[in-house]
Amino acid sequence: ASSPSEVSSSTTLLGTEMLDEDELTCAICLDLLHRPRSLPCGHTFCLVCLQNYVNSCRTLFTCPSCRGAAQVPSEGVVGLPSNTTLAKGARLLRERREGRPGALVCAACHTSLDVKACGHCKAAWCLTCSSGHLQQVQADVAELRERLASARNTLSCRSEEDEFTQMRLSKLEEKIGEAVEERVANLQEEGKKLTAQVEELRKESQERSHKLSQDIEKVLTSSSQGQQETKLEEAGRLHSMLLTLLKAASTAKGPRVTLDQVSLTLSSPSSAAVEEEVEGKEEEEEEKQFQSQDHSLLYRSKGSLTRLRWGQHLGERPAGVAVSPWTSEIYVTGSDTCRVNVFDGSGRQVSSFGSRGHADGQFLCPIGLAFSHVSKEVFITDKWKHCIHVFDTDGNFIRQLGRKGKGFGHFSSPEGIATDRHGNIYVADTCNHRVQILDGDGVFLREVGVVSSETLQDGRRYTKSEFNEPTGVAASLDGSRVYVADAGNHRIKVFNGTSGERVLMFGSRGRHKGQFETPECIVVDPEGFIVVGDSGNGRIQVFRPNGNFVRYLGTRGNSHGELGWVSGVGLSKTLDVVVTDFKNNLVAVY
């Protein structure tokens, strides 16, 4: 029997290949470990599984395997120590099962134990087969040495040819010098000609200025010495002459001459061209300033009625809407049909996926939609399943995030959802009266809107929030700002994405500009302009980044071009505003 020290050294030598499959399996989900975290007792579980098990609302819990006591760190289960060895072993085993190239297999015997890649042929070899391959590599090295020695002898025989080569290179250097001297002489001659032209321009400018001065002096002297003109014709002529000289004196400038350094030529644009250039630059600067300061022009230019609308294939009660950042296709969730319909920009249905049920990938009430810029996945909130479904862009189910509860990473009737460019997920956890921020795996990062939090003696978590059933959420691309539609309070609130501090709040209940009636959905454009679905008022309102009102689109009603209840709002790359109408069962584009 081997001693414990021998077993330990053997395990270290073979690394992750000696790990048993049971050691790489999470005892909670019975699948290979993903982002494993270890408890003080030594047992290791998936990070998300631990988060769901602990429910993150208790400070103490027991190990699912040995029932040993453990404590939740202040930052949550994400603060538990990770196990890099088990993470690597699980990754290799997962890659081997999926047949991916990450799992090395010996090129000769096809084993995967202690396999290393050869730097010579890039193939993988185990310890047993590598000895034979090493002999072949050594033979190749010996042959290369012989060929290199032969090449060295050949180089020594070329010494005489090198002398002739050096002579040719010396002559080439002389020719280069002569060509440069000739070019310099030509440039100097052209420079003298250009200098003479500049001198002529200087003389012309001086003569023109001197003549203008003489004309002004002559007119002023004659008009001051002469008597006041009594005839209208003579007075008008004098007025015209004085005005002409005044304009000439005010606009008198030296010649505006430019040098083309490539062709060595002088050019003097006409006054009309100069004025046109100046005006063009001024217009360009004004346009740049206008674009950066008044991005609202694009929204103001939109028609108050819908540019495009359709309702076929929607069924009853369309909910959320989002525009794919890669294909510009429009994804719409149907809360009654429990399907996701995909349309092109003209309203033609491209595809659909999903069905009603309790199984994985089935919906009970899909609401919000968002796209991951990192993994190219589609996140869909399910109001009555209290979770997030994750699909690929073809409609294939991948995984589910969260479940019903009040703890971190758990939801109660979630609705709005958004993402940033880092892959983080922002969820309007409606009936928990908060917004949660998760990473792409559903691991809790932080929450927004919770004023105070307290853990009771029985382990339940009591929170006090400034929200009243928030339904919509949006985020800036960098995640620095989080925008929340606080539907129950009829307000829009903006938070710092890192600290969770509220930085802006605007709106109140009403029908006037800048007021809301149960605003359910919100989206933000790249410039920070805020587009709000003012659901109860049947319209969309647009605001500047500071919360100042820009305009509203649509009116409340059931006739053509009117909106009954705005249930979703999205933006395309060209800033087309796409709206779903829950009552009129349609999609509208402004």
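Placement of Cβ uses the backbone N, Cα and C atoms for every residue, glycine included.
Residues or ranges marked as compositional bias 'Basic and acidic residues' in TrEMBL: 199-218. Taking H, G and I as helix, E and B as strand and the rest as coil, DSSP gives the compositional bias 'Basic and acidic residues' (199-218) the counts 20 helix, 0 strand, 0 coil.
The compositional bias 'Polar residues' annotation in TrEMBL covers 220-229.
Here TrEMBL flags 274-287 as compositional bias 'Acidic residues'.
Helix first, then strand, then coil: DSSP counts for the domain 'RING-type' (26-67) stand at 8 helix, 10 strand, 24 coil. According to TrEMBL, the feature domain 'RING-type' maps to 26-67.
The region 'Disordered' feature in TrEMBL is assigned to 199-232 (among others).
The annotation region 'Disordered' is assigned in TrEMBL to 266-294 (among others).
When pLDDT values are averaged over the repeat 'NHL' (350-394), the model yields 94. What TrEMBL records for 350-394 (among others) is repeat 'NHL'.
The helix, strand and coil residue counts that DSSP assigns across the repeat 'NHL' (398-441) are 3 helix, 19 strand, 22 coil. According to TrEMBL, the feature repeat 'NHL' maps to 398-441 (among others).
What TrEMBL lists as repeat 'NHL' is 463-498 (among others).
Note on the repeat 'NHL' (506-546): residues 295-296, 299, 320, 415-416, 471-477, 481, 483-488, 490-492, 552-557, 562-571, 575, 577, 579, 582, 590 of its chain, located 6 or more positions outside it, place their CB under 8 angstroms from a CB of the stretch. Sequence annotations record features per position, and here TrEMBL assigns repeat 'NHL' to 506-546 (among others).
Each residue of the repeat 'NHL' (463-498) gets a DSSP state, and the totals for helix, strand and coil are 3 helix, 19 strand, 14 coil.
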